[in-house]
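Engineer: Below are the features listed in TrEMBL for this protein:
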DOMAIN    111-242  domain 'Fatty acid hydroxylase'
DOMAIN    328-415  domain 'Alkylglycerol monooxygenase C-terminal'
TRANSMEM  164-185  transmembrane segment
TRANSMEM  326-346  transmembrane segment
TRANSMEM  358-376  transmembrane segment
Amino acid sequence: MGTTAGQQLRALFYVLSPGESSFRTLEEVPDYVEKSIPFFIAFIVLEFAVSWVQQHKLPGRINDGISSLSLGILSRLPDVLFRSVDLVSYIYVWNNYKLFELPWDSPWTWYLTFLGVDFAYYWFHRISHEVNILWAAHQVHHSSEDYNLFTALRQSFLQRYTSWMFNLPMALFIPPSVFAVHLQFNLLYQFWIHTEVVTNIGPLEWILNTPSHHRVHHGRNPYCIDKNYGGTLIIWDRIFGTFEAEDAKVVYGLTHPVNSFEPILLQLRPLAHIWNTFWATPGFWNKLSVIFKGPGWGPGKPRLGLPEEIPVVTGNEVPFNPSVPAYLNCYAVVHFAVIMELYIDLLATVTTLSQENILLRIGIIILSLTSFGFLMENRPKARILEIIRCSVFLGVYKLGYLRNQLSLLDYAYEIISTCAAKDY
């Protein structure tokens with residue numbers, strides 16, 4: 001069953017009715033996330049326009065925006081090769097251990113699943129901040145020093161391999177088709193709350209997670225740390241004592257910024273830090289604590305660390321922003337647009353491509369996103385890597401692996417890649 005543009009738009013705000021979004025089988029459930037890509041782009045453009053009108057400035061930077069989109073693409077690449085681990089584990093428990101089966105077409109099942117998925121997300125999200133090894137995956141989403149709709153797409157490809165277990169209790173009685181719908185809706189709802197152009201939405205602030213509440217969650221101000229974990233609802237934070245209202249101006253990012261736009265490094269550096277800390281920390285139990293206690297823990301400290309050790313925010317923090325020539329920014333935007341088109345085409349045609357072609361495209365996408373990160377940081381070896389990337393891209397294109405159904409895009413691939421390989 002397909003979805004109309006209106007339904008897809010309303011899915012972003014979790015306002016589809018049970019009758020519109022209940023399905024008998026898992027195979028009937030639309031890929032709401034993939035179909036939302038055009039709306040993501042449209043709302044990002046709208047956010048830029050509103051920010052310019054309201055504040056006479058853009059809501060973000062090119063380098064940070066490309067970094068966020070790169071991380072978003074990386075987080076979705078495993079779905080090209082494998083079925084979501086959330087669904088695989090859920091289906092396994094459903095098939096082997098379910099206690100009873102709620103009717104898939106009942107509005108009560110729909111609303112119960114809405115609450116269940118959001119409740120599970122709250123605890124997964126909270127524990128991802130309070131357990132160091134889980135934080136190593138989740139911190140990617142917090143690594144941006146800007147706060148805009150690009151940031152919503154800044155996701156970890158590792159996080160999905162820890163979130164699945166929190167949903168398994170629902171598999172004892174809620175059909176997978178119902179769960180799959182709400183898993184997507186919960187994720188999509190969180191897109192629009194990553195913005196500064198929406199200040200307050202009135203009485204709904206008491207119930208829903210809103211841009212104001214989520215700005216606090218992304219802040220590195222001491223009053224913002226470990227607050228407002230909700231997905232769609234803010235009621236769980238109010239119930240469990242983790243709610244904090246927006247007060248002083250929020251400064252975004254990590255308490256100890258990574259200072260990089262390179263997506264692989266952003267994903268893996270925290271794991272390297274845990275590895276090094278694990279071996280440098282004496283004592284078996286202390287080593288386990290490095291992994292399973294909070295990221296601020298150290299020997300002799302409480303589980304979540306000492307609040308007084310959180311760096312003070314002055315309001316004069318300067319985001320990581322290496323000086324890059326204007327032409328290089330334009331170059332990166334154009335080439336990123338080509339890779340974005342390649343990624344969207346991969347999602348649309350994956351069932352018709354050979355495994356060799358899929359792996360080749362994924363490899364080119366990862367190489368390209370890495371190279372763009374080097375360019376945005378203006379690293380000394382960025383030019384060499386980009387020449388290699390463009391040469392590989394052009395070679396693979398010439399062999400026919402990247403042919404697109406739209407000939408105009410074929411010409412764009414060839415012209416852009418040829419010019420880059422020769423002249424960059």
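Placed from the backbone N, Cα and C atoms, the Cβ positions cover glycine too.
Values in this document were obtained by computation on a predicted structure and should not be read as measured data.
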Engineer: Summarise the domain 'Alkylglycerol monooxygenase C-terminal' (328-415) by DSSP state, stating how many residues are helix, strand and coil.
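Structural biologist: Secondary-structure composition of the domain 'Alkylglycerol monooxygenase C-terminal' (328-415): 74 helix, 0 strand, 14 coil.
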Engineer: Write out how many residues of the domain 'Fatty acid hydroxylase' (111-242) are helix, how many strand and how many coil, based on DSSP.
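Structural biologist: Helix, strand, coil within the domain 'Fatty acid hydroxylase' (111-242): 86 helix, 3 strand, 43 coil.
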Engineer: What mean pLDDT does the predicted model reach across the domain 'Fatty acid hydroxylase' (111-242)?
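Structural biologist: Computed over the domain 'Fatty acid hydroxylase' (111-242), the mean pLDDT is 96 on the 0 to 100 scale.
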